[in-house]
Amino acid sequence: MQISIFAVGRMKSGAEQKLVQHYLDRFSKSSGAVGFHLKKLQEIPESRAQTACQRMEEEGRKLIEFLPEKCQLIVLDERGESISSAAFAEKLGCYRDEGIRDVIIALGGPDGHNEQIRNRADFLLSFGFMTWPHQIARILLTEQLYRAVTIANHHPYHRF
């Protein structure tokens with residue numbers, strides 16, 4: 001199963017970008033054993049429209065353009081469900097076992113996702129009630145992807 005991250009905005013060079021790459025590298029080295037593969041991290045340009053509504057619409061259109069025809073779409077959204085790391089690993093494992101080929105995980109821009117993206121989502125995921133800067137949300141996501149692989153591999157990184 002191929003997993004891609006579609007993120008609105010560019011990750012600037014620095015410690016955050018290095019940490020994202022660190023977790024993506026660890027994920028890639030460990031994920032093949034459980035049938036997960038990192039396909040790509042697709043950055044979608046942040047809209048420069050004047051209103052939040054216009055920005056979300058423009059970013060949503062761009063995101064839809066990049067989506068494969070058949071994919072499972074997980075959208076990070078404050079309205080989403082907060083689940084445990086083990087439940088996230090189980091969800092990914094279920095997608096794999098169901099023969100899902102492509103899983104896309106979408107991170108919105110500063111204004112979030114529009115209703116069209118939320119409605120298209122197969123699962124809305126939340127990292128809790130707090131608001132996270134985009135860079136930290138990417139770090140959290142990549143760490144959780146790596147953690148999901150370690151859970152599936154029964155690796156001690158995730159303490160059971």
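Keep in mind that glycine also has a Cβ here, set from the backbone N, Cα and C atoms.
Under DSSP, Leu76 (S-adenosyl-L-methionine binding site) is assigned to a strand (E or B) in the three-state scheme. Counting every protein chain shown, the number of other Cβ atoms lying within 10 Å of the Cβ of Leu76 (S-adenosyl-L-methionine binding site) is 23. Taken from Swiss-Prot, the feature S-adenosyl-L-methionine binding site applies to Leu76, Gly108, Phe127, Gly128, Phe129, Met130, Thr131, Trp132, supported by sequence analysis.
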Residue with minimal Cβ packing [other Cβ atoms within 10 Å] among the binding-site residues Phe127, Phe129, Trp132: Phe129
Densest Cβ neighbourhood among Gly108, Gly128 (binding-site residues), 10 Å radius: Gly108
